[in-house]
Amino acid sequence: MTGKGGATLSGGVMKKIIVSYTYLGIWILLSSSVIVYNKYILDKKLYNWPFPISLTMIHMAFCSSLAFFLVRILNFVEPVTLSRHVYFTCVLPIGALYSLSLWLSNSAYIYLSVSFIQMLKALMPVAVYTIGILFKKDTFKNSTMCNMLAISVGIAIAAYGEAKYDSWGVLLQLLAVLVEATRLVMVQILLNSKGISFNPIATLYYVAPSCLVFLSIPWIFVELPILRASNSFKFDFVIFGSNSLCAFALNLAVFLVVGKTSALTMNIGGVVKDWLLIAFSWSVIKDTVTPVNLIGYGLAFLGVAYYNHQKLQALKANEVEKKSQQEDEESGILLTEREQSGSGKKGDSQD
């Protein structure tokens, strides 16, 4: 019996591990596909459609429609009840930051290689930590700041070794990292601190329409006149439809991965994805990756890995502390009940 039970348990654990890493693999594949697909559409040497605002708006329109269908028609996920005040003061600012982040990051694909963009994205922990300190959501620590400086130095070395360096492209990507880091901190301040949390489908349901509205403002002045002047352009439903479907599927994959594993597992998977994209960019797209690139990114990678390790240790320490407090509370309740029971029996004996 014990052997059979043990075998069943091992089989169940193995099944969970296989399912978790399957979902993680799907997320890595979809995330990489969206990045490469966006690069293909926006790059002037490939599909040659350099309209990042328009592409982002197509994504948001597609995601808004599908999210509405899943939430309102199929009831796939339950919508979070939000008051008008919460929506305008909490959700809309996050939507504005998200739309700006997507616009800037997609614009960078016109000027920079996929591999170099992935290297620059390693600055995200630096930006999140710095902005978290400014908004008093994180505490300053010398060891963590030294780690952030090491990541920054690594990215600076990688940038120095970039064969096709473009200052405007680097500025766009750095601004995208800064805006996205601000959005992540704002999510903690405006939503998480108030007990409001969304899964990716509900996030698209509430945020994607606002992104579409915010993006339409610069689109009217920046890209619409050029698109009107270009009479030769015809909307390719196959290209843009499949690209939007990949973007939406990526959000579903995030939902599945976080549900089956954890956000930290996604961070680790993200590091694996970055290395795979660098290898793909070098071997398939034929982007130039220099030894100085790899040395610099390797240093930044070590810094990011150590940062994730610190986060994991902090999470474990918090879990142990919460468990200890819960056990203390339960033992206190039991002790109180025993004392009350004892005093009750004592009163009965006196009677």
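Heads up, the Cβ atoms here are built off N, Cα and C, so glycines get one too.
TrEMBL lists 336-351 with the feature compositional bias 'Basic and acidic residues'.
Annotation source TrEMBL lists domain 'Sugar phosphate transporter' at 22-308.
Summarising the annotation, TrEMBL assigns region 'Disordered' to 323-351.
Under the heading transmembrane segment, TrEMBL lists 21-41 (among others).
The feature transmembrane segment is assigned by TrEMBL to 53-74 (among others). Among residues of the same chain six or more beyond the transmembrane segment (53-74), those with a C-beta under 8 A of the stretch's C-beta atoms are 38, 41-42, 99, 102-103, 106, 201-202, 204-205, 208-209, 211-212, 215-216, 218-219, 222-223, 227, 240-241, 243-245, 247-248, 251.
Sequence annotations record features per position, and here TrEMBL assigns transmembrane segment to 86-104 (among others).
Beyond the ends of the transmembrane segment (110-132), by six or more residues, the same chain brings 35-36, 39, 42-44, 50, 52, 138, 144-145, 148, 151-152, 154-155, 158-159, 162, 164, 166, 168-170, 172-174, 177-178, 180-182, 184-185, 188, 274, 277-278, 280-282, 285, 287-289, 293, 296-297, 300-301, 303-304, 307 to within a C-beta distance below 8 angstroms of the stretch. Look at TrEMBL and you will find 110-132 (among others) tagged as transmembrane segment.
Per TrEMBL, transmembrane segment is recorded for 144-161 (among others). Within the chain, the transmembrane segment (144-161) has long-range Cβ neighbours (under 8 A, six or more residues past its boundaries) at 116, 119-120, 122-123, 125-126, 129-130, 170, 290-304, 306-307, 310.
Residues or ranges marked as transmembrane segment by TrEMBL: 167-191 (among others).
TrEMBL lists 203-222 (among others) with the feature transmembrane segment.
Residues or ranges marked as transmembrane segment in TrEMBL: 237-257 (among others).
Residues or ranges marked as transmembrane segment in TrEMBL: 264-285 (among others).
For the transmembrane segment (291-308), same-chain residues at least 6 beyond its ends with a Cβ under 8 Å from one of its own Cβ atoms are 115-116, 119, 122-123, 125, 144, 147-148, 150-162, 264, 267-268, 271, 275, 278. Per TrEMBL, transmembrane segment is recorded for 291-308 (among others).
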If you count Cβ pairs under 8 Å, which stretch among 86-104, 167-191, 203-222, 237-257 touches the transmembrane segment (21-41) the most?
-> 237-257
Recorded stretch that, among 203-222, 237-257, 264-285, has the most CB pairs under 8 Å to the transmembrane segment (86-104) = 203-222
